[in-house]
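Chemist: One structure is given below, represented as structure tokens, and several questions about it will come after.
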Amino acid sequence: MNQTLIQEILEVVEQAAIASAKLTGLGQKDEADAAAVEAMRLRMGKIEMKGKIVIGEGERDEAPMLYIGEEVGSGSGPGVDFAVDPCEGTNLCANNQRGSMAVLAASDTGGLFNAPDFYMNKLAAPPAAKGKVDIRNSATENLKILSDCLGLSIDELTVVVMDRTRHKDLIKEIRGCGAKVQPISDGDVQAAIACGFAGIGTHCLMGIGAAPEGVISAAAMRALGGHFQGQLVYDPAIAQTSEWADYTKEGNIKRLNEMGITDIDKIYEANELASGENVVFAGSGITDGLLFDGVKFERDCVRTSSLVISTLDSTARFTNTVHIKDGAKSISL
């Protein structure tokens, strides 16, 4: 991987964001996702690389494009594995709510954990708390540690939690400690990464979300130097989701074993979920969010706001791009 490839990866998420943003607020989440998928795949196809989707839109028979195992790119050049979510927060995009974005993680071949389409208990925290907070601890213990690491009182801390029934007790415990809870309906990738930057106002992400997005978050936090841990959730009684209404704990364990995951209770660190020598995260806003603005359509241009975090040069680059339309007469600053 090199800087030229990273620039092209940025353009991949920009094009996906623009495609989805054209459908923002129309209540068409599936169409917004499909538009992002098509745009992302089209731009990936122009990159000189031997790319492979390791986390994508589903299995080969479930998704027409960006399915798990699909080869992308020109077929020559460096080997790159991708974990992609072309429209993270499809409901947010459909309803014109904050936090939707096009995201991906990239690494050298074999550098990303091939997470199953399961749930994952996650803990994300700032670099100052790396290796000090622990997902094995109670929320109360972690808040005390986080308070010490950041030099803030517990009542000055804000914890992001997915607004789900399964988090009722977690939210009660956090608030019982005096910390603030910021519930989100979707989009925990951006919430996890935001914990890595001071001044945003969120200090920790706790709770259960999708496992594939956990890998993308882990890649970003590893490159940023933040804390991230994840543990797969296979018990429907814990996940408490209608998607698993017909699933059993035993059946899920069997599925994991068939995928080669035998240590089903393993706690994964960021450098295990994103283990490659070179790791890159790229995200571009579809709607406004914690980290960057959404796509803005103007008469003569389209503006995107994006973030690229890379281990290659230990940088986090916030990028505002003006995509100039044909025949443009005037571009404002």
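Glycine too: its Cβ is placed from the backbone N, Cα and C atoms.
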Chemist: According to Swiss-Prot, Glu88, Gly89, Thr90, Arg164, Thr165, Arg166, Asp186, Gly187, Asp188 bind substrate; which of Tyr67, Tyr119 is also listed for that site?
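Modeler: Looking at Tyr67, Tyr119, the one Swiss-Prot places in the substrate site next to Glu88, Gly89, Thr90, Arg164, Thr165, Arg166, Asp186, Gly187, Asp188 is Tyr119.
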Chemist: In Swiss-Prot, the residues Asp85, Glu88 are said to bind Mn(2+) 2. Which of Glu8, Glu173, Glu213 is said to bind at that same site?
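Modeler: My reading of Swiss-Prot gives Glu213 as the candidate in that site.
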Chemist: Given a separation of at least six residues and a C-beta threshold under 8 Å, show me what packs close to Thr90 (substrate binding site) in the same chain.
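Modeler: Same-chain residues close to Thr90 (substrate binding site) (Cβ under 8 Å, separated by 6 or more) are Lys29, Asp30, Ala32, Asp33, Ser100, Asp186.
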Chemist: Quick check on the binding-site residues Asp33, Glu57, Asp85, Glu88, Glu213: which one has the highest count of other Cβ atoms within 10 Å of its Cβ?
Modeler: Asp85
Chemist: Provide the number of Cβ atoms within 10 Å of the Cβ of Arg166 (substrate binding site), excluding the reference atom itself.
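Modeler: Taking all protein chains shown, Arg166 (substrate binding site) has 16 Cβ neighbours within 10 Å.
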Chemist: Between the two most separated Cα atoms in Glu88, Gly89, Thr90, Tyr119, Arg164, Thr165, Arg166, Asp186, Gly187, Asp188, the residues recorded as binding substrate, what distance in Å do you get?
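Modeler: Looking at Glu88, Gly89, Thr90, Tyr119, Arg164, Thr165, Arg166, Asp186, Gly187, Asp188 as a set, their Cα atoms extend up to 21 Å apart.
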Chemist: Excluding Asp85, Glu88, Glu213 themselves, which residues in that chain have a Cβ inside 8 Å of the centre of the Cβ atoms defining the Mn(2+) 2 site?
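Modeler: Close Cβ neighbours, site residues excluded: Gly89, Val103, Gly187, Val189, Ala210, Pro212, Ile216.
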Chemist: Going by Cα-Cα distance, which of the binding-site residues (Arg164, Arg166, Gly187) sits nearest to Asp85 (Mn(2+) 2 binding site)?
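Modeler: When the Cα distances are compared, Gly187 comes out closest.
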Chemist: Per DSSP, to which secondary structure element type does Asp33 (Mn(2+) 1 binding site) belong, with helix, strand and coil as the options?
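Modeler: In the DSSP reduction, Asp33 (Mn(2+) 1 binding site) maps to helix.
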